[in-house]
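Peer 1: Sharing a structure with you now.
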Amino acid sequence: MQCSGSCKARGGSVENIENVCMVIKSSNGFGRIRINILLGFFSKFGSFILSYISLPIALSYLGVNYYGVWIVIFSVVAWIYNFDIGIGLGLKNSLNDALVKKNYKLANELIATAYIFLIAVSILLLLISFLLVFSINLDSIFSMSNIRESEIRTTLLVSVFFTIANFILLLYKQLFFAVNLSGFAAVTTILYQILVIVFLLVAKYFIEPSLLIVAIIYGVSNLFVGVFFTLYFFKRNDVLKFSFSNYKRNHIKSIGGVGIKFFIIQMCMLMIFTCDNIIISKYLGPEYVTSYSLILKTYQAFIMISYIILTPYWTLFAEAYYQKNTEWILKQYKKLYTLFLLMIIAVIAYSLYIQPLLKIWLHTELKFNKYMIYGFCIFVIIRVFIDLHAVFLNGIGKINVQLVLYLFAAIINIPLAIILIKHFNMGSEAVIFSASIAIAPMAIILPLQSLVLFRNIAK
């Protein structure tokens, strides 16, 4: 169906889309945000509980040795999800813009272009991955004398296939994000984990332990959820349709242009936030990694909470910006700043009582110095403050400044951490202080950029 801003569709489909896209203009705007936040919390909490249920089931089914191999395989193939070169985020921004302007013809073209381009990328990834699996000496990597190399290779191939298939299907989440249903997209993770648990229980009682079976369980569960919710989205909003005829090569630039920038930012964030343990292990010793990683895990809860709260605002801020609805943006930021102040109090309070709280959780005494806690406290506050303004800038696609700042942070982070360890005799706290210093310029520059853009709207 070829649609434009003035087209009419059967069954009120256009009305459904417009109800979502024009939410800023109604009194239901904050209601939708609240629903998305509540669904986000439900999803994250539910995922947390279900992951703790599925882990022992998988462990008891596979046994210690097989489970260790599966974790390695799962970790390796999961990296594929990082190579969509920003198409997902680019689609979310461009599609939301098209829907706000009621340009449904453009929306359909963007959807088709994103899917077809991602299919092409996926075929390339599949070929490269299969070549790597057949060319690498797997025995030297896994060092498992009691597991056949052919079994590991087959499991890897199956895992790669399912991961790349799901890599394409995961675009459905960006579609839900684009129509302000981020909470709904988050809940799909719970269905996936429930399916995994059910299939693992069936395998545990009726099938011999097998890495291949576990790979199929995780792959099929994800595939089912992806197919189901992709079909559900297009059925619910049948003014939006996927068709090969809607593919427009010129849209790759509009989707991929901002998308590649998001991709570079994501890669920089991975470099900043995932190299910690490697640096600590190399320069201080692996024994220092345990306390650092456990404390980090507890502080990540604050970042996760802020992510859940801020996610629904991405597309809503974009809509308000294009509609020049400064009053709504200002009203929401007043609420967000209030929540930020409450989070600062919560982070400081947690930092003051972290020792007894960790003892309750771990049932053992964890050794660390107070400077590490200071570092984590500062880092979380800076990171959440940055995200508070980045969500507005990301939503409207103004990310060039972020791109430069993240590249700068990624370049200086590791050398700075090494300098703090070697020349200032700091321990593992050097890593978190280094990350805080690296991202600190963003806490000054991004709010200023947001203020300038906000004033431009008001003119």
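Cβ coordinates come from backbone N, Cα and C, glycine included.
OK, TrEMBL features for this one:
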- 35-55: transmembrane segment (TRANSMEM)
- 67-91: transmembrane segment (TRANSMEM)
- 112-134: transmembrane segment (TRANSMEM)
- 154-172: transmembrane segment (TRANSMEM)
- 184-207: transmembrane segment (TRANSMEM)
- 213-234: transmembrane segment (TRANSMEM)
- 255-279: transmembrane segment (TRANSMEM)
- 299-316: transmembrane segment (TRANSMEM)
- 336-353: transmembrane segment (TRANSMEM)
- 373-396: transmembrane segment (TRANSMEM)
- 403-424: transmembrane segment (TRANSMEM)
- 430-454: transmembrane segment (TRANSMEM)
Peer 1: How about long-range neighbours of the transmembrane segment (373-396): same chain, 6 or more residues beyond its ends, C-beta under 8 Å?
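Peer 2: For the transmembrane segment (373-396), the list is 89, 93, 96, 262, 295-296, 299, 302-303, 306-307, 310-311, 313-318, 321-322, 329, 336-337, 340, 343-344, 347-348, 351, 354, 402, 429, 432-433, 435-436, 439-440, 442-443, 446-447, 449-450, 453.
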Peer 1: With Cβ distances under 8 Å as the criterion, find the stretch in 112-134, 213-234, 299-316, 336-353 that has the most pairs with the transmembrane segment (35-55).
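Peer 2: Looking at each of 112-134, 213-234, 299-316, 336-353 in turn, the most contacts to the transmembrane segment (35-55) are made by 299-316.
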Peer 1: State the residues, same chain only, that lie 6 or more residues beyond the ends of the transmembrane segment (112-134) and have a CB under 8 A from a CB inside it; answer 'none' if no residue qualifies.
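Peer 2: Same-chain contacts beyond the flanks: 80, 83-85, 87-88, 90-91, 153, 156-157, 160-161, 164-165, 167-168, 171, 242-249, 251-252, 255-256.
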Peer 1: If we skip the immediate neighbours and take only residues 6+ beyond the ends of the transmembrane segment (213-234), which ones have a Cβ under 8 Å from one of its Cβ atoms?
Peer 2: 58, 61-62, 70, 73-74, 155, 158-159, 161-163, 165-166, 169-172, 175-176, 185, 188, 191-192, 195-196, 199-200, 203, 207, 240-242
